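Here's what Swiss-Prot has on this protein:
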BINDING   45, 48, 77, 94  isopentenyl diphosphate binding site
BINDING   84, 88  Mg(2+) 1 binding site
BINDING   84, 88  Mg(2+) 2 binding site
BINDING   93, 177, 178, 215, 232, 242  all-trans-polyprenyl diphosphate binding site
């Protein structure tokens, strides 16, 4: 299969999911609808919908159900982004002003709440006509995902005032904050098509490993990425005091003088550009390659998970492998 064929496959999924998102995210109150739909207008990679629909296709699943379930996870994802931007006080997302910057915090909180409700509405529509056990499994993993995402975000925030965060704690945090929704997406692709427990387990593991790899690369791009390409400020993780794998590794490897520079910049809202750049240089020196190698390890694990699933659709298999590889090759 050529890259053009895979691109057509992905575009078909994205267009169909976008159409359903637009139909779900409607409100009688215009301002609420605009604020809720704002981040969708800026595009986004739609990786979670691609994972869900490709996972469904992999086992010969129902496309219409998959599109609606994919809309549910993407709406849920955007809900978390709206609230994350408030918590992190970020002014840009995907090159656009964040919802709280454009409409104010009260409306942004309401928009997040509205998206949260709409995500459940979309999932409910996806599950219509299915038996009670399947309905229960799908809603259980969706609800559990929200709980674990919240716990992951809470862990991330709690790390900001610590310098002793371990790699194990970091991995646990990103499993919750980021990887859980990828895992949920892949699992739902199996659950809505009544896949057996072994298949759902392997899809779950695929999504989890892909999500861990994705977040590690996200943290890397926050240090070395291009601001215009990313659509958000670089160095914001340093300014916010985030304990990414790069910071954790650097603190364990750097000289005492380098540590002093890094610690004085971490979490310093008043840090100047040259301070942030110096801290970035120290991080690149000590942890950039390590972080890339770690991301590749989890990307490889995701691909390995796919080898244990009976395949009904070769295109979907290639798509899922590509998505795992894309996580470590992307520039935004």
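Backbone N, Cα and C atoms are what each Cβ position is placed from, and that goes for glycine too.
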Could you check which of the binding-site residues 177, 178, 215 is the closest Cα neighbour of residue 48 (isopentenyl diphosphate binding site)?
178
Looking at isopentenyl diphosphate and its recorded binding residues 45, 48, 77, 94, figure out the farthest C-alpha pair and report it in angstrom, whole number.
16
Applying the rule Cβ within 8 Å of the centroid of the Cβ atoms of 45, 48, 77, 94, what extra residues of the same chain belong around the isopentenyl diphosphate site?
44, 46, 47, 74, 78, 81
At the level of the C-alpha atoms, what whole-angstrom distance separates residue 242 (all-trans-polyprenyl diphosphate binding site) and residue 84 (Mg(2+) 1 binding site)?
13
Around residue 88 (Mg(2+) 1 binding site), how many other CB atoms lie within 10 A of its CB?
17
Can you check which residues sit near residue 215 (all-trans-polyprenyl diphosphate binding site), meaning Cβ under 8 Å from its Cβ, same chain, 6 or more apart in sequence, and list them in order?
174, 177, 178, 179
Would you kindly give the Cα-Cα distance separating residue 84 (Mg(2+) 1 binding site) and residue 45 (isopentenyl diphosphate binding site), rounded to the nearest Å?
18
Minimum Cβ neighbour count within 10 Å among the binding-site residues 45, 77, 93, 177, 242: which residue?
45
Can you give me the same-chain residues 6 or more apart in sequence from residue 84 (Mg(2+) 1 binding site) with a CB-CB distance under 8 Å?
90, 153
Give the three-state DSSP assignment (helix, strand or coil) for residue 93 (all-trans-polyprenyl diphosphate binding site).
strand
Cβ atoms near residue 48 (isopentenyl diphosphate binding site) (within 10 Å, other residues, all chains):
25
Helix, strand or coil: which one is residue 88 (Mg(2+) 1 binding site) in, per DSSP?
helix
